[in-house]
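Report on one structure; see the data block that follows.
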Amino acid sequence: MAKRVAEKELTDRNWDEEDEVEEMGTFSVASEEVMKNRAVKKAKRRNIGFESDSGGAFKGFKGLVVPSGGGGFSGFGGGSGGKPLEGLTNGNSTDSATPFSSAKTAAEPKAAFGSFAVNGPTTLVDKKISSPKCNSSNQPPSSGPASSTSCTGNTYHKQLAGLNCSVRDWIVKHVNTNPLCDLTPIFKDYERYLATIEKQLENGGSSSSERQTDRATAAMEPPSLFGSTKLQQDSPFSFHGNKAEDTSEKLEFTAEKKSDAAQGATSASFNFGKKIESSVLGSLSSGSLTGFSFSPGNSSLFGKDAAQSKAASSPFSAKASESQAGGSSSECRDGEEEESDEPPKVVVTEVKEEDAFYSKKCKLFYKKDNEFKEKGVGTLHLKPTATQKTQLLVRADTNLGNILLNVLIPPNMPCTRTGKNNVLIVCVPNPPLDEKQPTLPVTMLIRVKTSEDADELHKILLQKKDV
């Protein structure tokens, strides 16, 4: 649909006139019969072809495929059909059928976990492992009632299952975030945590069934964050940047502190930083932060104050970011206020004619080929001369004040009143319009704003012509 053309031409003569008030129409609702005949187009979803599972660049990659028999660690006895890890030893024993290993051999750390699934089950904590065998080099003597031995075995199994689930979740999260991360330090931590659990089993820690339920619940919560403070040059992630602290302090795996010490050894939970972000790991500075970061409100897994570790491990300042954001927004608001929708106004300095006795704004036309063509817009001045004649001068309304017409009014100059607000004269133009015929008289038309101005100008020209 084309735009509506202007009904009235806007010029310098009618720019200050008020427009006629137009009545605004109303929209009418089409009837049902009209709507039935109209074609209504509806958007259709484009069929985007997805790449099949059998093709693609990663068709041969089967490392993260969930096995049909269930997820989790394949060598940790998750189900009845699970097979133990082959070739693993617990230090002193050579039995390959033992489902758990302390991974004392650090030459092949990646074989300690086997293959794992991305979406493995998280209910491994609640499963009870039927075998009461403990993975320790020195088996504790079975001196006591059978119920105490069974309770101790269940506690050990739940703690070990919680440790394995935490290791699995941590590896899956960080490998998905960055497949090139270095996983070597986590195996050393796993050995230390496993040795701590075996030490608790040797001490004969026991608890009631209610404490077992609380412990299983606490194992699913993230009480600590396994963070990093030093970014190595050859790997994206590092877990032991401060070696001096590792040698000076023995990191002991402690339980959640309660009122009595008997309950404290059974509420341990293993978590390798479920909530830590990869961007935080990548941006930590070296030497100023602690080796681990912990969540507030819970005691640290390594015997440190959680509040202090949280304050020391926060690499960013919330107040600083808020102040910077507020400053940038205020600067944007100030910039918007300074900018205005109005275009810059062009200031025109009019050239004054001090000795003129008559001045009037006009538009000058000249006749060529039986039609009038515009010469320009300016100010008409009538000035007396030394020869008792009157000078007619028209200067353009520009900063330069170019001369559009500069002639003397001779006695025989034709001067007539024509139209509504026009005065017609015939003269030899100066400056000349045609360089080839500079002395040829040309009909000039002077248009003023109102008819009264035209009458006044015509009267003055007739008076000065007769002088």
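Just so it is clear, glycine is given a Cβ too, placed from its N, Cα and C backbone atoms.
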Stretch carrying region 'Disordered' according to Swiss-Prot (options 84-103, 384-403): 84-103
Feature region 'Disordered' in Swiss-Prot, mapped to one of the ranges 1-20, 41-60: 1-20
Counts of helix, strand and coil residues, the domain 'RanBD1' (334-467), according to DSSP: 21 helix, 54 strand, 59 coil
Helix-strand-coil residue split for the region 'Disordered' (1-20), DSSP-based: 0 helix, 0 strand, 20 coil
Averaged pLDDT, computed only over the residues in the region 'Binding to CDKN1B' (144-206): 80
